[in-house]
Amino acid sequence: MNLEKLSKPELLTLFSILEGELEARDLVIEALKAQHRDTFIEERYGKYNISDPLMALQRDFETLKEKNDGEKQPVCTNPLSILKVVMKQCKNMQERMLSQLAAAESRHRKVILDLEEERQRHAQDTAEGDDVTYMLEKERERLTQQLEFEKSQVKKFEKEQKKLSSQLEEERSRHKQLSSMLVLECKKATNKAAEEGQKAGELSLKLEKEKSRVSKLEEELAAERKRGLQTEAQVEKQLSEFDIEREQLRAKLNREENRTKTLKEEMESLKKIVKDLEASHQHSSPNEQLKKPVTVSKGTATEPLMLMSVFCQTESFPAERTHGSNIAKMTNTGLPGPATPAYSYAKTNGHCDPEIQTTRELTAGNNVENQVPPREKSVALAQEKPVENGGCPVGIETPVPMPSPLPSSGSSLSPSSTASSSLTSSPCSSPVLTKRLLGSSASSPGYQSSYQVGINQRFHAARHKFQSQADQDQQASGLQSPPSRDLSPTLIDNSAAKQLARNTVTQVLSRFTSQQGPIKPVSPNSSPFGTDYRNLANTANPRGDTSHSPTPGKVSSPLSPLSPGIKSPTIPRAERGNPPPIPPKKPGLTPSPSATTPLTKTHSQAASLTTAEDLASSCSSNTVVANGKDVELLLPTSS
């Protein structure tokens with residue numbers, strides 16, 4: 001098949017077939033991702049079991065030990081492999097575009113050759129004009145001779161016409177006699193025709209009676225058929241309503257099951273936390289008050305060492321609130337509290353609660369007034385402080401002793417680099433990469449090579465491009481209702497494919513620049529990739545973030561193509577209360593293929609959405625304060 005000679009309808013048909021194949025490929029990819037969730041988690045987290053809190057503690061211990069003993073094989077996959085895949089895809093696209101460009105150039109050359117031939121032909125026509133006039137003169141002379149010959153022929157024909165006219169008169173007389181005879185025969189035939197007409201009238205009356213009876217029977221048959229179609233349509237409408245209600249109830253049941261599952265897991269984690277808190281309070285001794293403090297740059301004051309242990313992959317927000325209120329009471333009443341709190345934060349990915357962190361700063365401010373450690377020890381301990389799982393990156397600076405304590409309202413973190421914030425907000429960031437990034441930023445902050453400058457220029461160009469596209473998508477989605485899952489057979493919007501490509505390139509660029517790019521201060525309201533999609537997702541969902549339990553409106557699957565915190569643009573009619581539209585009924589006793597296709601699609605979409613909810617139930621969303629803004633992180637919980 002020659003692609004250059006295809007017509008417009010054939011090209012449209014070919015494009016529609018290719019688009020259908022692409023959509024089918026995307027569906028197959030999503031199904032395979034949903035099936036290989038366990039293998040994906042095994043590749044991502046290596047040998048550790050994420051459902052066991054003891055294994056999580058062992059992982060953290062090995063991470064801390066790895067800093068002193070030497071480098072080990074990282075747990076996460078190498079982001080360079082992802083970058084190589086992206087570069088390979090770009091090369092394939094470049095080759096394809098080059099082939100299309102070559103085809104366009106060949107067509108262009110062909111058109112140019114055709115135009116050149118037309119110009120040469122026109123030049124030949126103008127050159128042959130004189131020859132044409134000469135030929136016309138010759139033709140004129142020939143025609144004049146032929147005209148004279150035709151005149152002589154006309155004279156001959158006139159003579160023959162006179163002879164024929166005389167013969168015609170004789171024939172006319174004979175025809176008159178024959179016509180008189182024919183008139184008599186015609187009168188006889190008219191009489192017979194009148195008799196036959198009377199007979200035909202009688203037969204037509206009988207035919208009209210039979211037709212009227214047949215029309216009545218047809219009307220009765222049509223009425224019966226219409227009643228049958230109406231009853232069939234009502235039955236199909238009821239069946240479709242029952243199917244829709246069944247899917248809605250099934251989705252609601254799945255959501256309730258996921259919610260009860262997460263609540264049970266949180267209850268178990270809360271019980272474990274309460275037991276551990278009681279055990280830690282019993283084993284705590286007064287000697288713990290003499291521990292060495294660690295100074296961390298928060299405003300202009302120092303604070304003691306605050307260790308955060310990742311006890312479980314779920315968090316206990318009410319317990320932390322209660323303990324934070326107890327510490328606040330101890331600070332307000334002036335009672336001497338312990339220098340290092342005995343409780344451990346059960347946080348996922350190193351998430352720091354702002355209210356608890358403010359209370360911790362108040363306690364640290366009161367302790368700084370009583371005991372001021374030596375400068376060398378505070379600096380040494382500040383450099384050895386780990387960043388837990390890439391959460392709450394705090395810039396380490398030289399402590400400045402201040403006589404006044406911290407104000408109760410001032411809870412600000414020192415600004416970190418753009419690379420560290422992007423690494424922290426990345427869903428596949430590891431504590432090893434975070435510590436290496438902080439160490440490199442502290443050791444050589446002013447180093448910047450020409451290669452890194454080129455990378456940063458490309459990074460900012462991609463950033464401005466995605467920012468303009470995100471603004472357009474935001475304006476288009478602002479006119480719609482709040483996003484949630486849809487169970488009706490609706491078409492998938494192409495913005496999901498755009499968002500998938502945008503997030504893939506954004507994650508690759510963020511990882512690449514977080515390892516090699518220089519450190520730059522970032523304003524609190526800015527995002528390293530233009531528009532902050534996580535904040536947009538938070539504004540789209542006005543519910544508070546006080547509850548860290550995964551809910552269907554906030555938790556996204558780790559296998560989702562969208563970035564963390566961004567939900568699908570589809571809107572569920574099940575949550576709005578409006579049922580999806582009933583497929584149009586076509587006349588006929590058998591159901592048409594177009595009426596059965598949406599129902600099949602609805603079942604497949606419901607199954608895929610149920611799988612997505614199961615994946616979403618195994619994740620918990622947290623908020624990490626990085627560069628003065630909230631960043632949502634997702635981690636699978638114990639299942």
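From the backbone N, Cα and C atoms, a Cβ is placed for every residue, glycine too.
Quick look at what Swiss-Prot lists:
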COILED    87-285  coiled coil
MOD_RES   Ser284  phosphoserine
MOD_RES   Ser285  phosphoserine
REGION    387-430  region 'Disordered'
COMPBIAS  407-430  compositional bias 'Low complexity'
REGION    463-490  region 'Disordered'
COMPBIAS  467-477  compositional bias 'Low complexity'
MOD_RES   Ser481  phosphoserine
MOD_RES   Ser488  phosphoserine
COMPBIAS  511-529  compositional bias 'Polar residues'
REGION    511-609  region 'Disordered'
MOD_RES   Ser523  phosphoserine
MOD_RES   Ser527  phosphoserine
MOD_RES   Ser560  phosphoserine
MOD_RES   Ser563  phosphoserine
MOD_RES   Ser568  phosphoserine
MOD_RES   Thr570  phosphothreonine
COMPBIAS  587-600  compositional bias 'Low complexity'
MOD_RES   Thr590  phosphothreonine
MOD_RES   Ser592  phosphoserine
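On the 0 to 100 pLDDT scale, the coiled coil (87-285) averages 91 in this prediction.
Neighbour count (other Cβ atoms within 10 Å of the Cβ, all protein chains): 15 for Ser284 (phosphoserine).
DSSP assigns Ser284 (phosphoserine) to coil in the three-state reduction, placing it in neither a helix nor a strand.
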